[in-house]
Amino acid sequence: MKTLLLTLVVVTIVCLDLGYTMQCKTCSFYTCPNSETCPDGKNICVKRSWTAVAGDGLKREIRRECAATCPPSKLGLTVFCCTTDNCNH
């Protein structure tokens, strides 16, 4: 009886997990109040930041999005990847 109960619990957890979809912030602003459901296969939240020339000075740019893989950081580009809902705030 205990084995049957344990099996049912495990199956329930696995089935519930299959329907999970990631929620990430997806915008190009410093403040990002809304989140979106990521499409299938994109279960990583990414936040990229860099400095760009704007007018007579420098401007900090930020982009948040869903991704299938974590892109590499490069010189001048900071990348933060995470795997929980809205973790790329």
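Our numbering is plain: 1 for the first residue shown, then up by one each step along the chain.
Including glycine, each Cβ sits where the backbone N, Cα and C put it.
Pulled from Swiss-Prot:
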type: SIGNAL; residues: 1-21; note: signal peptide
type: DISULFID; residues: C24-C45; note: disulfide bond
type: DISULFID; residues: C27-C32; note: disulfide bond
type: DISULFID; residues: C38-C66; note: disulfide bond
type: DISULFID; residues: C70-C81; note: disulfide bond
type: DISULFID; residues: C82-C87; note: disulfide bond
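A separation of roughly 9 Å, to the nearest angstrom, links the Cα atoms of C82 (disulfide bond) and C70 (disulfide bond).
Take the disulfide-bonded residues C24, C27, C38, C45, C70: by the count of other Cβ atoms within 10 Å of each Cβ, the lowest one is C70. C87 (disulfide bond) falls within neither a helix nor a strand when secondary structure is assigned with DSSP, and so counts as coil. Ranked by Cβ neighbours within 10 A across all protein chains shown, the disulfide-bonded residues C32, C66, C82, C87 are led by C66.
Mapped onto three states, the DSSP output places C45 (disulfide bond) in strand.
If you take the C-beta of C81 (disulfide bond) and look for same-chain residues 6 or more apart in sequence within under 8 angstroms, you find I44, C45, V46, K47, A67, C70, P71, N88. Taking only the Cα positions, the spacing between C27 (disulfide bond) and C66 (disulfide bond) is 10 angstrom.
Ranking the disulfide-bonded residues C24, C32, C87 by the distance of their Cα atoms from the Cα of C66 (disulfide bond) places C24 first. Of all the disulfide-bonded residues in the record (C24, C32, C87), the one with the smallest CA separation from C38 (disulfide bond) is C24. Spacing of C32 (disulfide bond) relative to C87 (disulfide bond) is 12 Å (Cα to Cα, whole number). The two recorded residues, C87 (disulfide bond) and C24 (disulfide bond), have Cα atoms 7 Å apart.
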